[in-house]
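All remarks here apply to the structure that follows.
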Amino acid sequence: MIRHLLSGADLDAGTATEILDTAAEMAAVAGREVKKLPALRGRTVVNLFYEDSTRTRISFEAAAKRLSADVINFSAKGSSVAKGESLKDTALTLQAMGADAVVVRHSASGAPHRLADWVDGSVVNAGDGTHEHPTQALLDAYTMRSRLGRLAGLSVAVVGDVLHSRVARSNVLLLSTLGAKVTLVGPPTLIPVDIAAALAPGTAVCYDLDAVLPSVDVVMMLRVQRERMNDSYFPSAREYARRYGLDGARMRRLPEHAIVMHPGPMNRGMEITPEVADSPRSTIVEQVANGVSVRMAVLYLLLGGNNR
Amino acid sequence: MNSYLIRNVSVLGAAPTDLLLRDGVVAEAGPGLSAPDASVVDADGLVALPGLVDLHTHLREPGREDAETVETGSRAAALGGYTAVCAMANTSPVADTAGVVEQVWRLGREAGLVDVQPIGAVTVGLAGERLAELGAMADSAARVRIFSDDGHCVADPKLMRRALEYVKAFDGIIAQHAEEPRLTEGAQMHEGEVSTRLGLTGWPAVAEEAIIARDVLLAEHVGSRLHVCHVSTAGSVEVLRHAKARGVRVTAEVTPHHLLLTDSRAESYDPVFKVNPPLRTAADIAALRAALVDGVIDIVATDHAPHAVEDKECEWAYARPGMLGLETALSIALDVLGPEWDLIAERMSRTPARIAGLTEHGHDPAPGAPANLTLVDPAARRLIDPAESASRSRNTPYARMTLPGRIVATFLRGEATVLDGKAVK
């Protein structure tokens, strides 16, 4: 097993599949009355969150607690970080406290890589800047596999602000490793021209959402950040929604079996309409539930739970 | 004053000879010289070059003496074979008045290890809004002739035009940091495959090329001298080639790191590789090397940029851009160009001295020439250890690399600043 999970590229097909299979076993635990395993008893998992992200933090927290790990939440607010302590000093502090794993969310791309140089424990990237969010990609893959029965050969459209999306980067890497075909869809301002060369050579790019919808198994809508709207990436929110938003009419052009995903939090009415988000094709709530199982699997495997 | 008899030295790769340094000049040259009063330097196997001249050095004093001082930077320069460096203006306070440039100039004289020639800011506070008192700096004891807002681009075309015109009165030159600011907002590294993969905001090549294209046209229009700092892209080389063919009075520099290191270094997220302009691609490096050989790029300049540990031991996005360069520049030139001594002297001493108007520098060691020279051991190879740097900072991108060439001695006006590879003071 790998020591850190920093990027979707850290996972080969075998390792990724092992995580997904383990997550399935973890999911079974969630159905029990006592949702707890002793696997990580006595181990310490630190959630180091420099960015507000309640959903991701509580998902990791629930995952660690269900494995009986001791969980320390270290958030930028109300800690020494707010007083300007450097990442390195924070890392040395966590090291001294004996953290077995550090789950880090940071607004700077690459911060988890730096952290991994400074601590002995495992580092899990819980989203770094505009770089990656590998556990999101794992839970997305898990969700696709549960709904559609396979990943190899699936056609997945990832729609929206690919340029700034850590979710998109990790998904392209992981889905390509697992044999799915990814098509990135969005305005040319938000899709780097060299994205396929940078991430996975088989990745396709299309600027026309309507052209790809009839032939996909999965359509994954990305959140469009508010700050992009005033930076000339597209003329207006309304035009964006018209060209790249998923509404009921577009959803009905999808194949019968196709699913709609969104990593959350959604801008309802912008990239996705409520009709789509709340439809039976939507996996958005499942994704959240699957997130806990997948993160349990990641922590369990990284901390050597399978060797004990 | 001391006299030195340098025995069996190869002047720019020629057959071994002796050089006698006396009274600040090369007094005699020829085999078998005798000077009983002179200290003898055994230079068997060493090559003598005119003392190197750096047109682009950040000495950080005043303001960031924790990162570098005029003295520590001067020592690093001497150890790198330099006898003159031009100190950039982005200090704190900014070198935008006669008072600050005279302070830097005086500190350089007191250190006495290299000639420190201050560069003046083009605009007040580097803010790009109104001209600094360029004439006052030119008339000061520091006799400033190069003006630069380096670190910032003089982006306003009208202001750039005025600056180019104004300095003609005292044969000044504007050294431009070519970076279109709107195209590089938040930029962290070269825009390309690697930045896309790493999720770091890209610094597109066009942001440099567009400014160089504009500036060569402005320089042509007003008939002024323009110098382009740290050219980093293949496209910039083509713009410069075109301008030079038209007779525009433009000169250009390339840094050692842009001749050697690619943007793939960012994959470590170690900010020691963060620099502005950023490390580019292998294709850019090939174009820059070719341009340095054929003369489209006139000189190598270090952009020596010391930074305190805490400004580099952090997240990439929060780190300051810049790398050390003075102590490794000649080694990189040797690595890239090979033992082409005349070319190295041209690109690292004679031409930069001419651009800067440093008439005492850039002369090959020959009778009558000022004794500003350095002795290189071309056969040596050295492992770069940041801890051994004479700079107060440690941000060398060449750590753990083995580079060719070692500076054995450096002489400033006939006095040794480096002997046996060590600074004399």
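From the backbone N, Cα and C atoms, a Cβ is placed for every residue, glycine too.
All TrEMBL annotations are machine predictions without curation.
Residues or ranges marked as domain 'Dihydroorotase catalytic' in TrEMBL: B:47-234.
Summarising the environment of B:H56 (Zn(2+) 1 binding site), the number of other Cβ atoms within 10 Å of its Cβ, over all protein chains shown, is 28. If you look up TrEMBL, you'll see B:H56, B:H58, B:D150, B:D303 marked as Zn(2+) 1 binding site.
Look at TrEMBL and you will find B:H58, B:L59, B:R60, B:N90, B:N276, B:H307, B:P321, B:G322 tagged as substrate binding site. A coil conformation is recorded for B:N90 (substrate binding site) in the three-state DSSP classification, outside any helix or strand.
In sequence order, B:H56, B:M88, B:A89, B:N90, B:I119, B:A175, B:H177, B:C229 are the residues of the chain that are 6 or more apart from B:D150 (Zn(2+) 1 binding site) and have a CB within less than 8 Å of its CB. Residues or ranges marked as Zn(2+) 2 binding site in TrEMBL: B:D150, B:H177, B:H230.
Within 10 Å of the Cβ of B:D303 (Zn(2+) 1 binding site) there are 29 other Cβ atoms, across all protein chains. DSSP assigns B:D303 (Zn(2+) 1 binding site) to coil in the three-state reduction, placing it in neither a helix nor a strand. The feature active site is assigned by TrEMBL to B:D303.
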Spatial separation of B:H230 (Zn(2+) 2 binding site) from B:L59 (substrate binding site) - C-alpha basis, Å: 17
Cα-Cα distance linking B:H58 (Zn(2+) 1 binding site) and B:H307 (substrate binding site), given in Å to the nearest integer: 10
Residues within 8 Å of the B:H56, B:H58, B:D150, B:D303 Cβ centre (excluding the Zn(2+) 1 site residues themselves): B:T57, B:M88, B:G151, B:C229, B:H230, B:A301, B:T302, B:H304, B:A305
Fewest other Cβ within 10 angstroms of its own Cβ, chosen from the binding-site residues B:P321, B:G322: B:P321
Cα separation, B:D303 (Zn(2+) 1 binding site) to B:G322 (substrate binding site) (Å, whole number): 8
Assigned conformation of B:H56 (Zn(2+) 1 binding site) - DSSP reduced to three states: strand
Taking residues B:H58, B:L59, B:R60, B:N90, B:N276, B:H307, B:P321, B:G322, which bind substrate in the record, the widest Cα spacing (Å, whole number): 17
8 Å Cβ shell about B:D150, B:H177, B:H230 centroid, Zn(2+) 2 site members excluded: B:H56, B:M88, B:S148, B:G151, B:A175, B:Q176, B:A178, B:E179, B:C229, B:N276, B:P277, B:D303
